[in-house]
Amino acid sequence: SRSWESGVLDSFSIDPSTVANFMSALGSRYHPNPYHNFNHAVHVLHGCFVQLSWGVGDQASPLTPLQTFALLIASLLHDVEHPGVTNAFLTRTGAPLALRYNDRSVLENHHAATAFEILALPSCDMLASLHPIQRSEAREYIITTIFATDMAHHHHLVSELSQYAATQQTIPPTAVLRAFCHVADLANPVLRWHLSEPWARRVGLEAVNQSNEEVALGLQPLTKLTPYTREELVARQIVFLDDWV
């Protein structure tokens, strides 16, 4: 992948076999959901790499190699073991994950915890060459970046970035990491339609699947029960662009 050609592998002396093992283990831990699957993770990785290639702009502090590396790792790990349902569904149904994480950023907590389970495997330890202080910093960057993909934090992040823009304050690296991963995670609607439509159908199918699970549990479904038509997909994308992107 071009994402690993940015020099970070050489910077931290990471063996290519470790990368291969990490990617294989990661792929096996992503579920075959219509949308939140390994292909989505790679797509977000690519989105982060594209933004890195553009640069962080004049107002932000340049990212260090460690911060860049943490962003790329977090982008791949940000949805690992996603069950194909939302945080709202998990808390609404009292799912074990919701109980474990006290209804707070349930999925993101699980993704971050699973991420470090994978990185704890000696054959997959992408952080093995780091000094303990660097390793601790990388862990904090990765967790912070993964948590930024919780849509519950979207408006706060937008407000934070708007405040930096209004005051011309220097944007700190952690804000750049959070913004880059969150933007990449939401980027599907800004692709050309022939690329965006398949992703729109996948996320729509995942929503339909969740609604049917809700009905099976005797709950009022939050979205429709049948696949979206092309016109409905277009309408959903417009709403998503207006409200979130």
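Note: Cβ is positioned from N, Cα and C throughout, glycine not excepted.
Of the residues ASP125, ASP150, ASP185, TrEMBL places ASP185 in the same Zn(2+) 1 site as HIS40, HIS78, ASP79. Cβ atoms within 8 Å of the centroid of the Cβ atoms of HIS40, HIS78, ASP79, ASP185 (the Zn(2+) 1 site) belong to the same-chain residues HIS36, ALA41, VAL44, SER75, HIS82, THR149, site residues excluded. In sequence order, TYR30, HIS36, HIS40, ALA41, VAL44, LEU107, HIS111, THR149 make up the list of same-chain residues 6 or more apart from ASP79 (AMP binding site) whose Cβ falls under 8 Å from its Cβ. Note on the domain 'PDEase' (1-245): mean pLDDT across this stretch is 92. It is 9 Å from the Cα atom of ASP185 (AMP binding site) to that of HIS78 (Zn(2+) 1 binding site). Sequence-distant neighbours of ASN37 (AMP binding site) (same chain, 6+ residues apart, CB-CB distance under 8 A): TYR30, HIS31, HIS82. Ranking the recorded positions HIS36, HIS40, HIS78 by other CB atoms within 10 A of the CB puts HIS40 at the bottom.
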